[in-house]
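> What TrEMBL shows for this protein is this:
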BINDING   G14, T15, S16, L17, D18, G19, V20, D21  ATP binding site
Amino acid sequence: MTATHSLFIGLMSGTSLDGVDGVLADFSNGAIQTLSAAFTPFPSELREELMALQAASPNELEREALAANALALVYADCVRSLLPSCPAPVTAVAVHGQTIRHRPELGFTRQTNNPALLAELTGIDVIADFRSRDIAAGGQGAPLVPAFHEAAFGKPGTARVVVNIGGIGNISVLHGDGRVTGFDTGPGNVLLDLWIARHQGRAYDEDGAWGATGTVQQPLLDALLDEPYFRQPAPKSTGRDLFHAPWLDAKLASFSDLAPADVQATLVQLTAVTIARAIGDEGVTPDAVYVCGGGAYNGALLRAIGVELGGVKVASTEELGVAPNRVEALAFAWLGWRFANREAGNLPAVTGARGPRILGALYPA
Ligand SMILES: Nc1ncnc2c1ncn2[C@@H]1O[C@H](COP(=O)(O)OP(=O)(O)OP(=O)(O)O)[C@@H](O)[C@H]1O
Ligand SMILES: CC(=O)N[C@H]1[C@@H]2OC[C@@H](O2)[C@@H](O)[C@@H]1O[C@H](C)C(=O)O
């Protein structure tokens, strides 16, 4: 692998567990250009197994290894679908892996993956394991996208906020003076998906339409907001380790009479309020808030965030030239490019690490 090449494939499979987002990106001459994008859904058995592996279960060591092998096949399919649009050999595939545990307070995070198999299947260098070095340096190992958000969306002299709403939500505050702060805000879509799957048998609430038929229930919202994570100061990060079905069910125990659509409306409000408060706590009045991740396609959620922010402009990153569902995969392609150039990928002000660190490990083709 040589640092002079600039074509990278980024692969991201996040906490929503829907599948793999891939982008082919060109970073020549300091530009950040997406050449093509692909989405490869998980086969349903793999999705179910990855979901089951989020919590302690029997024989999980062997099951995790087998899931990693199956995941590599899906990653390889996604890479193959991007190759026809490739104008020159790809320098490397940068792959996040699938988070199955995130416990920075215990000194580890685990993104299951088999990068050796992916290198074997694709014949391309693979860069993987982007989070562990930051944790080794005392950081959270997440969120990692703020450095990319600054590179792609930062505008000197203008305060902007980029919000990623995937399974979990995270904000990047681009202060406009070179400073970048950010952290995970809590649930993005994870509880919304769980609730609609349980009551409507659908994977997600298209445009927030079902939730919009319900009414926010303030006592339930207060109970949901009564969670120490929301009060914890940054640096902080979270995941399905905390925001899972048992967490929601415990909160709902005293609200069993509520209509399911009202619960959905309240969960939308929970995501909106926690994101808006997180932005407010950063002490900036941004020029605009740009949303990426699948939550950017939930109009009801974007409107609720706008109301909570008192009229600050809330737009999709599409307005800045990158489709919301491509941002995270592009961020990992960029992190791969940083690794190839032996440049740091983390922001200590965000993750709390002792210093900038080169993130990733190389599996040569
Ligand atoms: N049209 C839509 N309407 C409403 N919600 C949508 C729509 N499209 C996607 N979503 C939501 O976005 C989610 C997927 O988002 P995304 O792919 O950004 O998550 P992720 O990358 O897996 O998560 P994370 O960023 O936490 O790692 C879906 O599970 C769904 O809840
Ligand atoms: C441990 C882990 O996988 N965290 C993810 C997750 O999904 C959103 C949020 O929680 C963020 O912290 C992170 O992903 C993005 C890509 C990040 O590191 O910036």
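Every residue gets a Cβ built from N, Cα and C, even glycine.
TrEMBL entries are annotated by machine, without manual review.
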> Tell me the Cβ neighbour count for G14 (ATP binding site), meaning other Cβ atoms within 10 Å of its Cβ, over all protein chains shown.
23
> Considering only the binding-site residues G14, T15, S16, D18, G19, V20, which possess a Cβ situated under 6 angstroms from at least one atom of ligand 1?
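With ligand 1 as the reference and 6 Å as the Cβ limit, the list reads G14, T15, S16, D18.
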> Within the same chain, and leaving aside G14, T15, S16, L17, D18, G19, V20, D21, name every residue whose CB is within 8 angstroms of the centroid of the CB atoms belonging to the recorded ATP site, in sequence order.
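Surrounding the site, in chain order, are M12, S13, F42, G166, G167.
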> Please check the binding-site residues G14, S16, L17, D18, D21 against ligand 2 and give me the ones with CB under 6 A, sequence order.
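Once distances to ligand 2 are taken from each Cβ, G14 fall under 6 Å.
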> Name, in the order they occur in the sequence, the residues of the same chain whose CB lies under 8 A from the CB of G19 (ATP binding site) and which sit 6 or more residues away.
S13, F39, T40, P41, F42, V74
> Let me check the 10 A CB neighbour count of D21 (ATP binding site). How many other CB atoms are there?
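26, counting other Cβ atoms within 10 Å of D21 (ATP binding site).
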